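Student: Summarising the annotation, Swiss-Prot assigns disulfide bond to 97-215, 232-239. Sequence annotations record features per position, and here Swiss-Prot assigns N-linked glycosylation site to 70, 92. Per Swiss-Prot, the feature signal peptide maps to 1-36.
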């Protein structure tokens, strides 16, 4: 087995794009190594079924999260090129994301067990928070002129990937689902942007669409990075 990578403090957040790719390569390459060498940190000795299931789960989760991010980039780029050129929709746009109150667990380096649980819960909450806007994008908003064929097909892909990734993570970590839902309710992490997207005021409508696609791109980027990080933690216990 290749030696576990070492990250001190939060240095692994440096250069997110390159780091995300590196983590994916580390996770997938070492998962393949586990096919020939027992991974005692994850499964009981000799439990090949458990080992194979975990390999499939982690590889699949990483592929899904990367796919969601790439599709979200495509959606944002398509809208930006068509409707946002020369506009100032980007000003303070990050302040408008409905997931801003969804914070990463603090002091993640101090207790690996709490870190794992906290990050898995955070990932599920992020997925839950995007169910409604993505669903309404492919239903109530699909006939809007701003929702191009590219955006609509990409949104449908994201709905499918979100459901698949959510089910994949919920299956082995079902014990955190209730707490995640409860925390979202208490923090009021919900999306209420439909009215602005249906506004008769074109500039307001375009600003709302820009914010939606910007926030989706931002959040799926985080989702991709931390899904890979959790996978790395579960495999090596220390990344």
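Here the Cβ of each residue, glycine as well, is placed from N, Cα and C on the backbone.
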Student: Of all the recorded positions given, namely 70, 92, 215, which is spatially nearest to residue 232 (disulfide bond) at the Cα level?
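Tutor: In terms of Cα distance, residue 232 (disulfide bond) lies closest to 70.
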Student: Can you grab the distance from residue 92 (N-linked glycosylation site) over to residue 215 (disulfide bond)? Cα atoms, rounded to a whole Å.
Tutor: 12
Student: If one looks at the chain holding residue 215 (disulfide bond), which residues at least 6 apart in sequence have a CB under 8 angstroms from its CB?
Tutor: 93, 94, 96, 97, 98, 99
Student: Three states by DSSP: which one describes residue 70 (N-linked glycosylation site)?
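Tutor: DSSP assigns residue 70 (N-linked glycosylation site) to helix.
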Student: In the structure shown, which of the glycosylation sites 70, 92 has the fewest other Cβ atoms within 10 Å?
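Tutor: Counting other Cβ atoms within 10 Å of each of the glycosylation sites 70, 92, the minimum falls on 92.
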Student: Given the disulfide-bonded residues 97, 232, which one has the fewest other C-beta atoms within 10 angstroms of its C-beta?
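Tutor: Among the disulfide-bonded residues 97, 232, the lowest count of other Cβ atoms within 10 Å belongs to 97.
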Student: Using DSSP, would you call residue 215 (disulfide bond) helix, strand or coil?
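Tutor: Once the DSSP labels are grouped into three classes, residue 215 (disulfide bond) ends up as helix.
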